[in-house]
Amino acid sequence: MNPVAFYIFGVSIRWYGLFIASGMILGLIFAKYNCKYRNINFDSFLDVILISLPIGIIGARLYYVIFQFNDYKDNLIDIFNIRQGGLAIHGGILFAFIAAYIVTNYKKIDFLKIADVAAPSIIIAQALGRWGNFFNGEAHGGIVSYEFIKYFPLFIQNGMYIDGLFYQPTFLYESIWDLSIFLILMLIIRKYKRSGIVFFTYIGLYSLGRFFIEGLRTDSLMLGSIRIAQLMSLSGVMIWVAFLIFLKYKKTDDHLL
């Protein structure tokens with residue numbers, strides 16, 4: 001696939017950037033709607049996002065570069081070039097939510113209420129962002145036969161045909177999984193008012209799917225023989241389970257399951 005969508009005055013505009021930008025815009029649209037539904041001031045939400053979002057992007061890049069430093073040590077300026085990919089979602093989530101927690105505490109806003117509104121927006125942006133990976137020819141799995149890939153749409157087959165071989169479209173699996181999570185979160189945010197339910201469900205469901213999908217990928221960030229994304233995903237599932245246990249034993253009128 002051609003990673004370049006078009007040119008403006010000789011500057012290439014890549015599909016990766018377009019999908020990331022589209023995901024952000026779509027996420028803000030849903031966030032505005034969910035803020036109104038949850039009775040949260042959208043301007044207050046934006047105040048948090050305008051700080052946490054850029055910090056999240058920096059965190060996503062920093063996280064990626066730390067584990068792939070050999071690719072950048074001879075040309076450090078490339079660290080600042082994110083147009084071709086190289087953003088790790090776990091780093092982005094971690095940095096963004098730490099920043100959001102600090103900002104909400106400073107402004108005396110309920111962090112979990114903001115996180116609940118942000119979660120559906122983040123996951124729909126992730127679903128779109130994976131298509132940027134598709135056009136970059138990354139985030140795919142191992143080699144597969146034509147008998148396996150032939151059941152996918154032709155444009156997926158063509159995109160996964162790299163250097164004479166077909167590869168498993170793991171980007172597609174995650175995009176579909178993310179979209180499914182988005183639909184679940186949009187249902188939950190309307191049904192359950194208790195702060196934290198949407199946010200921790202996002203953490204748990206995304207981590208659960210990512211753990212298995214990551215095992216199929218060939219470009220995982222590694223720490224020795226450990227896939228970093230699987231380690232982070234396992235931690236995410238454990239946090240979700242801990243939250244479910246907390247809900248079960250705390251007196252409340254709301255129930256997640």
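Residue numbering: from 1, along the chain as shown.
Glycine is no exception: its Cβ is also placed from the backbone N, Cα and C atoms.
Proximity of distant same-chain residues to the transmembrane segment (6-33), defined by a Cβ-Cβ separation under 8 Å and at least 6 residues beyond the stretch ends, is recorded for 42, 45, 49, 53, 83-85, 87, 117-118, 120-122, 124-129, 131-133, 135-136, 186. Taken from TrEMBL, the feature transmembrane segment covers 6-33 (among others).
As annotated by TrEMBL, transmembrane segment applies to 45-67 (among others).
Long-range contacts of the transmembrane segment (87-104) within its own chain (CB-CB distance under 8 A, at least 6 residues past either end) are made by residues 20, 47-49, 51-53, 55-64, 67, 110-111, 114-115, 118, 122, 126, 129, 221, 228-229, 232-233. Per TrEMBL, the feature transmembrane segment maps to 87-104 (among others).
According to TrEMBL, the feature transmembrane segment maps to 170-189 (among others). Sequence-remote contacts of a segment are chain residues at least 6 beyond its ends whose Cβ falls under 8 Å from one of its Cβ atoms, and for the transmembrane segment (170-189) they are 30, 34, 37-38, 116-117, 119-120, 123-124, 126-128, 130-131, 133-134, 138-141, 152, 156, 197-198, 201-202, 205-206, 209-210, 213, 216-217, 256.
Long-range Cβ contacts of the transmembrane segment (196-213) within its own chain (Cβ-Cβ under 8 Å, at least 6 residues beyond either end) map to 112, 115-120, 122-123, 126, 170, 173-174, 177-178, 181, 184-185, 188-189, 229-230, 232-237, 239-241, 243-244, 247, 254, 256. The feature transmembrane segment is assigned by TrEMBL to 196-213 (among others).
The feature transmembrane segment is assigned by TrEMBL to 225-247 (among others).
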